[in-house]
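Chemist: Just passing along the structure, written as structure tokens.
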Amino acid sequence: MTKTADTSDSVSFSLAAKMRDYFQLIKFTLSFTVVFSCVICYLLAPKVVVYDWGMIVVLFIAGMLVTGSANAINQAVEKDTDAMMKRTGKRPVANGRMSQQEAYVFALLAGIMGVLMMWYFFNLSAALLSAFSLFLYAYIYTPLKKINSIAVLVGAFPGALPCLIGWVAGNDDFSAGGWILFGIQFLWQFPHFWAIAWVAHTDYSKAGFKLLPADKGPTKFTALQAVMYSVLMIPVGVLPYYFGLTGQTSMWILLACNLFMVVQSLRLYKEMDVKAARRVMFSSYIYLPIVLLAMLADKIGQMG
């Protein structure tokens, strides 16, 4: 009896450990954030007037599969460099708990399933955009990180595409609203990612990643770039109201959030230290959920 119980406990422990590895493989928190943007932008689409929880859950699952696939490929490709960095050294492939082959097989199955779900439950355009985003992130952005800092620009496209994918899934078109939402998330990524690269510069440099605008590390030019993109977010933030996506309330919230990002980026330019970079990083973390939920609340309010 004891031996049977011990075996059962061992199997349960192994299963739980494997589940944790897969959660790490898909970078669950990052994937959740990406899919959150996709779902909110789906709900913002004008043709989505009834919020069907079944379709929302399907979109969430499909998005997690596609995003998880891209992240799994990323970890399989960067196995050796992840092992060199303190921040990523405990990831399952880098740590040796999971083989590259297992990661690739999971990525293939998850990617195909996610894209097919997008096609079957929504439309072909959303499926093709999902496949393109996966390819761009896994096979263009990932290897480019070791070659040139232009990788940040390239990576901003798959980083913002979930907004357009959500819109297209709901509206079945490429109208202005989808591109505006894409633009907001596209510009947001530059101060966000450069702040992360600033904070983790030592780790990234050790692994050979070239993610900051200047090869020699964090400079005034890096901070200036963060300021520039934060400023550009201000006029883009007015566009959802101008094109009738949302009302005045969310417009003012967007304006306040964008000004806050500008202030934090200016502080980084003035202070030029990790503490200021960390403020930009954490400000960017809270920016997206506030902005997206404000726009959604505004739309729901207008629907009555």
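Backbone N, Cα and C define each Cβ position, glycine as well.
Feature list, courtesy of TrEMBL:
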- 25-45: transmembrane segment (TRANSMEM)
- 51-77: transmembrane segment (TRANSMEM)
- 103-121: transmembrane segment (TRANSMEM)
- 127-144: transmembrane segment (TRANSMEM)
- 151-170: transmembrane segment (TRANSMEM)
- 176-200: transmembrane segment (TRANSMEM)
- 221-243: transmembrane segment (TRANSMEM)
- 249-268: transmembrane segment (TRANSMEM)
- 280-297: transmembrane segment (TRANSMEM)
Chemist: For the transmembrane segment (127-144), which stretch among 25-45, 51-77, 176-200, 221-243 has the most Cβ pairs under 8 A?
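Modeler: The listed stretch sharing the most Cβ pairs with the transmembrane segment (127-144) is 51-77.
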Chemist: Against the transmembrane segment (249-268), which of these stretches has the most C-beta pairs under 8 Å: 25-45, 51-77, 103-121, 280-297?
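Modeler: Comparing 25-45, 51-77, 103-121, 280-297: 280-297 has the most Cβ pairs near the transmembrane segment (249-268).
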Chemist: Near the transmembrane segment (176-200), which same-chain residues lie under 8 Å Cβ to Cβ, leaving out any that are not at least 6 residues past its ends?
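Modeler: Same-chain residues near the transmembrane segment (176-200) but 6 or more away: 37, 41, 44-46, 85, 87, 152, 155-157, 159-164, 166-168, 211-213, 218, 222, 225-226, 229-230, 232-233, 236-237, 239-240, 243, 245, 261, 264-265, 268, 274, 277-278, 280-281, 284-285, 287-288, 291.
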